[in-house]
Amino acid sequence: AAADIQPACLGLYCGRTVLAVNGSVETYGDCGVCPRGQRTDDHKICRECMGSPDCYDWLYLGFMAMLPLVLHWFFIEWYSRKKSSSALLQHVTALFECSIAAIVTLLVSDPVGSLHIRSCKVKKLSDWYTMLYNPSPDYITTVHCTHEAVYPLYTIVFIYYAFCLVLMMLLRPLLVKKIACGLGKSDRFKSIYAALYFFPVLTVLQAVGGGLLYYAFPYITLVLSLVTLAVYMSASEVESFKDLLVRKKRLVVLFSHWLLHAYGIISISKLDKLEQDLPLLALVPAPALFYLLTAKYTEPSRILSEGGNGH
């Protein structure tokens, strides 16, 4: 009732902070930006975020946490080639770094010391880009109401990337120096140098496209798992089930892609209706099976030879 007496609070994300509470009567401040950890309610009052991330929010955070890990693994494999047997240990170290970074990030988030985090519910895409909705009542003065309406889904990713980078710089150089003897001096640190490039890229990606990624990551995961699996099988010249069984590494890569594919399916369906959504996971091996069954018919040399015979 007190809020109705005051002048209207303009702007989609501007609100009044609660200054004091006397029984059932609240005293509000001027219209402006809400403090961190709060967002406006339907009455333009800043309310503390007391909810918990839902399943989809956790899946989004999991996707953002997997990005640096997958890139670490890719560049470790890319630069180690077949020259060194240390790649596996570096893979495990990268997994350790990202896992510890994720745990520490949750522990330092509010409430501190707990793996539980409190959050505000994401209602629409504009919640991620509050800086674009600062009002100008007189078309001259802008009221800055930019705050994290999706607290803490936006900033927690930056904190996680920072911990990943710090842990990598503390652990990986010492490990690589000791075990990567099969690589030249200029090659052994290249996977670390690559991380120094892709972490800023991931940071900018989250800063600019965090909201878009929030809604699109299930489909991105699904498409990338399909494309990268096809590229890997083609580059490795896998054309039959026998080719897969020749090297254990190929099976590891295959199962990793299956996990990503399942993650994408779960993210899209959200498993709201288990009896309808769980059978969809049976489709996970389908792309790999389709590739193996049709690879021999699409081999370029065979197509060219048949084309030559036809003429």
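Backbone N, Cα and C atoms are what each Cβ position is placed from, and that goes for glycine too.
According to TrEMBL, the protein has these features:
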{"type": "TRANSMEM", "residues": "58-76", "note": "transmembrane segment"}
{"type": "TRANSMEM", "residues": "88-108", "note": "transmembrane segment"}
{"type": "TRANSMEM", "residues": "151-171", "note": "transmembrane segment"}
{"type": "TRANSMEM", "residues": "192-213", "note": "transmembrane segment"}
{"type": "TRANSMEM", "residues": "219-238", "note": "transmembrane segment"}
{"type": "TRANSMEM", "residues": "250-266", "note": "transmembrane segment"}
{"type": "TRANSMEM", "residues": "278-295", "note": "transmembrane segment"}
Is it the case that the transmembrane segment (278-295) and the transmembrane segment (219-238) have 3 or more CB pairs under 8 Å, with pairs at least 6 apart in sequence?
yes
Most CB pairs under 8 Å with the transmembrane segment (58-76): which of 151-171, 192-213, 219-238, 250-266?
192-213
Which listed stretch (88-108, 151-171, 219-238, 250-266) has the most C-beta pairs under 8 A with the transmembrane segment (192-213)?
151-171
By a Cβ-Cβ criterion of under 8 Å, what residues six or more beyond either terminus of the transmembrane segment (219-238) are in contact with it?
63, 213, 244, 250, 253-254, 257, 260-261, 263-265, 267-268, 287-288, 291-292, 295
